[in-house]
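Engineer: A single structure is presented below for examination.
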Amino acid sequence: STFTKQTNVVDVDKHMLQYIEEEMERRRKEEERARRREQGQEDPDIGLGAEEEEKARARKREGMNQRAEEEMNDEGSVALSNAMLTSVAEVDLGMETRLKNMEATERAKRQWMEEQKVKKKGQATKDSLLASTRFYQPSQHRTDKDRQGHGGSGAQNQGRPSGDDGGKRKPLRSTDQLVLDRFKKRQRR
């Protein structure tokens with residue numbers, strides 16, 4: 001199985017740090033502009049030479065590149081850790097360990113099955129005790145001798161139901177056959 005569960009949680013700290021850096025940069029620029037105004041320069045870019053201007057732009061680009069690299073490193077480390085978690089290598093423990101694990105699993109499975117049987121037997125006896133106390137079951141207490149005494153000899157009653165009247169009743173037939181016979185009669189009419 002692979003661990004691909006993802007959350008839609010935004011990294012608040014990363015965004016908060018970026019916001020703080022931008023605000024600090026903005027405040028530094030405002031302070032520098034205020035200081036230059038006091039010195040008599042209106043626009044900070046007017047007093048700078050071409051070389052100094054290029055250096056300031058390079059510093060800005062470098063700062064932006066550093067931020068981008070930091071973000072990539074943060075995201076890269078997350079991706080790397082995710083990759084490591086999703087592709088956990090299986091270590092071969094050897095045949096002996098494998099066999100021991102299989103035997104332990106089989107033992108545990110057998111033990112669990114026996115526990116389930118014991119639970120079922122315990123519950124069945126409880127249910128039968130409850131049912132026998134709640135309902136009267138006269139046929140359960142009869143013996144073979146009693147059964148033979150009530151219905152005559154066992155050999156005579158084997159083919160017939162216990163309340164048979166000696167052939168006066170219709171022979172027992174399946175309901176499918178009866179339905180088929182009725183259908184045939186209707187078709188003849």
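Heads up, the Cβ atoms here are built off N, Cα and C, so glycines get one too.
Here TrEMBL flags 24-40, 61-70, 100-117 as compositional bias 'Basic and acidic residues'. The compositional bias 'Acidic residues' annotation in TrEMBL covers 41-53. Here TrEMBL flags 130-140 as compositional bias 'Polar residues'. For 23-80, 100-189, the entry in TrEMBL reads region 'Disordered'.
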Engineer: How many of the residues that make up the compositional bias 'Basic and acidic residues' (100-117) does DSSP mark as helix, as strand and as coil?
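Structural biologist: Going by DSSP assignments, the compositional bias 'Basic and acidic residues' (100-117) contains 18 helix, 0 strand, 0 coil.
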Engineer: Within the compositional bias 'Basic and acidic residues' (24-40), how many residues are helix, strand or coil going by DSSP?
Structural biologist: 16 helix, 0 strand, 1 coil
